[in-house]
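All remarks here apply to the structure that follows.
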């Protein structure tokens, strides 16, 4: 990943090197939102209530109804022993193990990408086979322990899974070839991995203070008697079940700030994801459309795209990530509405399903609009219109139904490797500490350590697996541009995508031949759909 010259001597066709700033208002809005969150967070720290941490919520005296009694309690607060397991002891005993496991998880992430680069077929087959092997192993365990019913359930699941995968043989082979295409593009632009990791760290650094401010904001409030007690002196609910005596009631500022902070955190993470998609797509497009043998056109591709993302297109990325943030919030609200109203009528259920479908389409088109922005440098809405026109004109929207198996393979492999590494880390810790007299709860510590390692590893592998999928999306749009231009820029990639059963994609020239060479007749200009291209 070198710096490269902004305008290489032999530019790649269809890729726009010279950019003008777009959607700058949205970049300003993002900056103002972040500054407002910091100012609100400072206010939250100065006005926090320490009772949030030190109260014993199981003691009714911790939340007296009378204000004077509550004030006296706050002045006399002290911490008490909370149980045998201690978070401080957990950090003391497992801190090094957790740090080592997290560091090795990064190496596992690199190996994860390399395996898909060089052994896509083996990884796909292993992932598919594990979906049959795991329920089959559970079947054997249950049968050996005399639990016939559970054994039959898992046995049926194993047979059903094997039968379904046998029906999907063609999709599995296609997923293998597509992952090979993605890995091929990633190998040609290895700087994408480093940039992705750095973007990940930058997103975490941007979110960490917001998360801390959010925690302090929640501490702005007071303890109140648990509403489930309904005025009872005893700490029981209407059914007589024991409950916590007290609840914490955040004040109006805390509630408003928490909602805004959560939305901003989501926006930051989605912005980082959009920058990753943009940088990956831009680097892949420069490689894809580069003339054969033109090494200068592929130097510094990742850094060039990163400069475009953090410069002229940053406002567009703020807008695209804001659209995704709104979509996520709306979909979560719809799911919450379904849970709270399980007696929906048929019309209501249809409306909810239509709304979910609408937001799914918005997210799908936003993803490809970001890819098009990375190639052409257009504003977000213009790129969305052009890529939608491109997909519809060639019936390539059907592509989504033919490659769904590829993300599934990545997700399953991520889940399996994360679970395996968590078991290895937690199990190794337990075996090394089970006889230690210094540690009171080695089993609990090992379980918590395994859970933490799983979360860290899953986060890393999901992020890196997303690189492969982003590369595949970028290559797909580049291939669609090839179809629209009736050119073939990467013959090997072209052959793989031609195996995808998508209608309406004949690209032969009038004389029956296929044009190779990345459309150099276009003189290196940015791609434009026929209906907006200059005549």
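The chain as shown is numbered from 1 upward.
Note: Cβ is positioned from N, Cα and C throughout, glycine not excepted.
Annotated features in TrEMBL:
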- 25-45: transmembrane segment (TRANSMEM)
- 97-116: transmembrane segment (TRANSMEM)
- 128-144: transmembrane segment (TRANSMEM)
- 150-168: transmembrane segment (TRANSMEM)
- 199-219: transmembrane segment (TRANSMEM)
- 264-289: transmembrane segment (TRANSMEM)
- 309-326: transmembrane segment (TRANSMEM)
- 346-362: transmembrane segment (TRANSMEM)
- 408-432: transmembrane segment (TRANSMEM)
- 452-481: transmembrane segment (TRANSMEM)
What parts of the chain pack near the transmembrane segment (264-289), using Cβ distances under 8 Å and only residues at least 6 beyond its ends?
12-15, 30, 33-34, 37, 185, 188-189, 191-192, 195-196, 199-200, 202-203, 206-207, 210-211, 214, 297-298, 301-302, 304-306, 308-310, 313, 317-318, 320-322, 324-325, 328-329, 367, 370-371, 373-375, 466-467, 470-471, 473-475, 477-478, 489-490, 493, 518-519
In the same chain, which residue numbers or ranges, 6 or more beyond the ends of the transmembrane segment (128-144), come under 8 angstroms Cβ to Cβ?
150-152, 154-155, 157-158, 161-162, 165, 172, 409, 412, 416
I need to check the long-range neighbours of the transmembrane segment (452-481): which residues 6 or more away from its ends have a CB within less than 8 Å of a CB in the stretch?
14, 98, 101-102, 105-106, 108-110, 112-113, 116, 178-179, 181-183, 185-186, 192-193, 196, 200, 273, 276-277, 280-281, 284-285, 288-289, 367-368, 371-372, 374-375, 387, 390-391, 394, 396, 399, 403, 406-407, 410-411, 413-415, 417-419, 421-422, 425-426, 489-490, 493-494, 497, 527
Would the transmembrane segment (25-45) count as touching the transmembrane segment (309-326), i.e. at least 3 C-beta pairs under 8 angstroms with sequence separation of 6+?
yes
If we call contact 3 or more Cβ pairs under 8 Å (sequence gap 6 or more), are the transmembrane segment (408-432) and the transmembrane segment (199-219) touching?
no
Non-local residues, at least 6 beyond the ends, that sit with Cβ under 8 Å of the transmembrane segment (346-362):
323, 327, 330-331, 334, 337-338
Short question: which residues 6 or more past the ends of the transmembrane segment (199-219) have a Cβ under 8 Å from it?
34, 37-38, 40-42, 44-45, 48-50, 52-53, 248, 250, 253-254, 257-258, 261-262, 264-265, 268-269, 271-272, 275-276, 279, 463
